[in-house]
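Quick look at what TrEMBL lists:
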| type | residues | note |
| --- | --- | --- |
| COILED | 24-60 | coiled coil |
| MOD_RES | His82 | phosphohistidine |
| ACT_SITE | His82 | active site, tele-phosphohistidine intermediate |
| BINDING | Asp85 | Mg(2+) binding site |
Amino acid sequence: MSEQNTQPALVSAAMGIILHAGDARNYAKQAREAMREMNFTEARSLLETAKKEIAEAHRAQTEIIQNEARGICYEYSMLFNHAQDTLMTINSEIELTADLILTFEVVMRKLTEKEG
């Protein structure tokens, strides 16, 4: 097991997770706003950007987990715990946003077909 000071790496990873996840949340929110305006192309584009941001956050988390599996020990960190919670919460928001966009598109298509 490694005796090195791992705290700076853990703090850096946690902040990266929080920042990327926060950006992902903002893009998901913008996607829902575009959806409400019936701009589904923009909504899907913003959702894809949100997914890229959450993937970056996930990569930072995975690096820490892989390091632990290799024997690098990290002390418990409330900041990293918060980062993981933030990552999972926002990932759920993104998944729900994707479902909402799809649902709204289907409903609008069916309404348009009925009118036509």
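Backbone N, Cα and C atoms are what each Cβ position is placed from, and that goes for glycine too.
Non-local contacts of Asp85 (Mg(2+) binding site) by the CB criterion (under 8 A, 6+ apart in sequence, same chain) are absent. The number of other CB atoms found within 10 A of the CB of the residue listed as 'phosphohistidine', across every protein chain shown, is 13.
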